Amino acid sequence: MGILSITDQPPLVQAIFSRDVEEVRSLLSQKENINVLDQERRTPLHAAAYVGDVPILQLLLMSGANVNAKDTLWLTPLHRAAASRNEKVLGLLLAHSADVNARDKLWQTPLHVAAANRATKCAEALAPLLSSLNVADRSGRSALHHAVHSGHLETVNLLLNKGASLNVCDKKERQPLHWAAFLGHLEVLKLLVARGADLGCKDRKGYGLLHTAAASGQIEVVKYLLRMGAEIDEPNAFGNTALHIACYLGQDAVAIELVNAGANVNQPNDKGFTPLHVAAVSTNGALCLELLVNNGADVNYQSKEGKSPLHMAAIHGRFTRSQILIQNGSEIDCADKFGNTPLHVAARYGHELLISTLMTNGADTARRGIHDMFPLHLAVLFGFSDCCRKLLSSGQLYSIVSSLSNEHVLSAGFDINTPDNLGRTCLHAAASGGNVECLNLLLSSGADLRRRDKFGRTPLHYAAANGSYQCAVTLVTAGAGVNEADCKGCSPLHYAAASDTYRRAEPHTPSSHDAEEDEPLKESRRKEAFFCLEFLLDNGADPSLRDRQGYTAVHYAAAYGNRQNLELLLEMSFNCLEDVESTIPVSPLHLAAYNGHCEALKTLAETLVNLDVRDHKGRTALFLATERGSTECVEVLTAHGASALIKERKRKWTPLHAAAASGHTDSLHLLIDSGERADITDVMDAYGQTPLMLAIMNGHVDCVHLLLEKGSTADAADLRGRTALHRGAVTGCEDCLAALLDHDAFVLCRDFKGRTPIHLASACGHTAVLRTLLQAALSTDPLDAGVDYSGYSPMHWASYTGHEDCLELLLEHSPFSYLEGNPFTPLHCAVINNQDSTTEMLLGALGAKIVNSRDAKGRTPLHAAAFADNVSGLRMLLQHQAEVNATDHTGRTALMTAAENGQTAAVEFLLYRGKADLTVLDENKNTALHLACSKGHEKCALMILAETQDLGLINATNSALQMPLHIAARNGLASVVQALLSHGATVLAVDEEGHTPALACAPNKDVADCLALILSTMKPFPPKDAVSPFSFSLLKNCSIAAAKTVGGCGALPHGASCPYSQERPGAIGLDGCYSE
């Protein structure tokens, strides 16, 4: 918002600023637009409110000026009046219904503005009209916050008298007290405290009043707070006390006051830093550091990372502070948890003067730090030659003459070739750092240029990886081998070819926010890397050398997109064509395409004759570029004749399939426009899928439109007969579906199971898609039955999957379709899959028409619900008059179905709520009790027994003359046998094999016969013909005891699952599998 010229304003505004009432009246009589807007949407009324001329304002208001007009900042004339502190203008605006709750873009009301601008009279006029004085602006501040911020005692007092809350917090949980303390408004602070404000309040980050006052150096506020009993060592959320804050910001006067008041000079924060650490590192903390040292601060206190105050001073090279610390006993060689001493830190950040001080005071230059590095490692790694020289001059043992110059260099008192824990010497670090002066100093001091690290790399490998031309020249001139391979088989040439990737970042170079400023530096580095590669090639580096994976330098240059490096390698290599075309392990063309390096790819494409070489998976470079979505690479390859129809080996996808599946529309467009084949859009993969099908499966609408516009066949089917429309129905993409229908896709196409897209949309619950398909189907073939090859309709599928919206739509569309197709009705489908919502909808819509319907085997929905143990389904069916004792073609009721399948909940419901008949017999004369026992379902059998005392039911025999006791005994159901015996089951009844229930326990017929012979010899009872009615009655009454005797006999096994007699057709368990 700039300053506008008054001459550019409308005449009415000019007259207002001139305070010319008559001119204003004249302009208004001439029908001048009273609500005319300037560039910032301010009206003449805004101007009048700002100027504060009451007569003009009154004239404008009487002439119909908009009293609540808002400018671009949403400020109203009332805001302007409050800002100008003109209570008369404000009162006039209020009298003309100005909105007292109007908010600007910062959500500030006129009261906020009045409080911020010390407009006490305006605030007094506004306060009674507001429901609350604590309304917050966008930052959460109330009018009291603004009044305190302005430091106007009268306004603060007024707001408090009118009921403003003392402890209201902004979005950072700062109270008005925080602002009074921070800005040094002592009288305001005292007033707030006198009114009951909490001196111990903290904001969201735990800053108290003492912290805020210390931060801004408000010494008088600090003294007042200390007098009022403020906790002097109270930490904030980061563990910092007020003394930490004062030392960090260089507020030495506050620090003195705090120390004199007894602040703990050694209290650590959450990271273990004391105020002395903070003073040592801060910009303006020199006086604070001296104060702390003189008041007993521990100069050797270590943080959680082991850093002492001397470490902190070394980071920024605080020379004077370091001297003070050393003079007061700071340990010179104190190591942090990484092993770094202050000398390591000073070397890392290039503070030569501090290094001199530390060395003068006995710092150990041979001390190992991070990764077992010397300080010299760090100095040369980060390119500080002066520090390197200083460290080399320490502990002089002998003097040698440099081979490169006549300069005498003093050798260090440690072995310069000592490696770190990764085997890297100082020369490796210098080569990586790229400072040739450091490199020369080390070489002249006897550094071994052939020394290898643990990865087998020489210093030349590191120089090449960082593209350092001067270092490479120095090392090669000194005798470094240009073709030496590391553990991966890589020569320096491999790393030089990819030097932009391996180049070490420059941590001491500040990063620029402007990419244009970085570009010259990047270009300079690219040139240097190119010169480095060129130098290596000129000095015997072999471009045909392969690493252990089979990659040459050409592969590396292609993989990392260094076009100039690649061109140079191709030019210098005698067998470059063989390297480029080799696909073992992967060709350079594939590497460039995969990584999206179009410039490198273009270079290779211009060199190669065949661009359709394939990798071990059968993928071409064009396939990889398309799959990765690199449009520029696709454009390069297609322009040079790469084929879009070559298929990879696994799924037989072409680049078109890859583009469509990934949604790369631009790449797909380029592939189609290559014009390789007229039907290129209909090429199929191993499963018969076209690119159109894959685009729809993945919801890529743009690709779908493009393929259809380019002639893709909408009705093409895969090997299972499924078209793009089938896939659209499954994914539910309405836009894709609409595009297909616009291109005349056949809506009633069927797959290999006879299912149409309508079936799939119903099964997947896509209501909008289903509606569209049903409308299209009406116009295609309104008489189509709409059932698949198994006789199932879309209504069956919607019911089975529980999509009630789809079912509702289908019922509206064709209410009698439930009669079509498979007699296993939609209601059967809903209850067998526990879909309560669709069950309820079908019963509500069709009721008696469907509730007792039967499938091909005579089973009702009640049978299906019982089979699935669907109690809620059973309840709803019975509420709609389902026949509880209805039998299927085998004579079984729903209860018998539940009992046979062990569905305990269903059995319980049908017995207790449904009152199902237990005496119903199936075609083999089995009761529900027989069936429960035959499948070993103890709980179901016991439930049935708990509901009956009928001896006829308990001793009922099926067509094989077996009682429930025979079957329970055969299956080892001890608890059921006991219950049967307690209910009076006879133990002497024989089945058609002549076996009693006791003999039914035998594992097979032969064992049963043997057991019968033994028992007959033992003769525990009178012969059969001699048994009197009395003795039979006695046996019956003693059946429990008899059962216990048999059960306790170890000779008779329990739980045997094999029947002792051959199963007869139609005996127990027939049709036991309830499947459709």
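Every residue, even glycine, has its Cβ placed from backbone N, Cα and C.
Summarising the annotation, Swiss-Prot assigns compositional bias 'Basic and acidic residues' to 502-514.
Positions annotated as repeat 'ANK 5' by Swiss-Prot: 139-168. Residues 106, 109, 111-112, 114-120, 123-124, 127-128, 133, 174-177, 179-180, 183, 185, 187-188, 191-192, 195-198, 201 of the same chain lie 6+ residues outside the repeat 'ANK 5' (139-168) yet bring a C-beta within less than 8 angstroms of a C-beta in it.
Distant neighbours of the repeat 'ANK 14' (455-484): 403-404, 422-423, 425, 427-428, 430-432, 434-436, 439-440, 443, 449, 490-493, 495-496, 498-500, 502-504, 525-526, 528-529, 531-533, 535-536, 539-542, 545; these residues of the same chain sit at least 6 beyond its ends, with a Cβ under 8 Å from one of its Cβ atoms. Taken from Swiss-Prot, the feature repeat 'ANK 14' applies to 455-484.
Shown for the repeat 'ANK 16' (549-579): DSSP residue counts in helix, strand and coil, namely 21 helix, 0 strand, 10 coil. Under the heading repeat 'ANK 16', Swiss-Prot lists 549-579.
Taken from Swiss-Prot, the feature repeat 'ANK 22' applies to 753-782. Predicted-model confidence for the repeat 'ANK 22' (753-782) is 91, expressed as mean pLDDT.
Per Swiss-Prot, repeat 'ANK 28' is recorded for 960-989.
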Beyond the flanks of the repeat 'ANK 22' (753-782) by at least 6 residues, Cβ under 8 Å: 723, 725-726, 728-730, 732-734, 737-738, 741, 746-747, 788-790, 792-795, 797-798, 800-801, 803, 805-807, 809-810, 813
Residues of the repeat 'ANK 28' (960-989) by DSSP state, where helix covers H, G and I: 16 helix, 0 strand, 14 coil
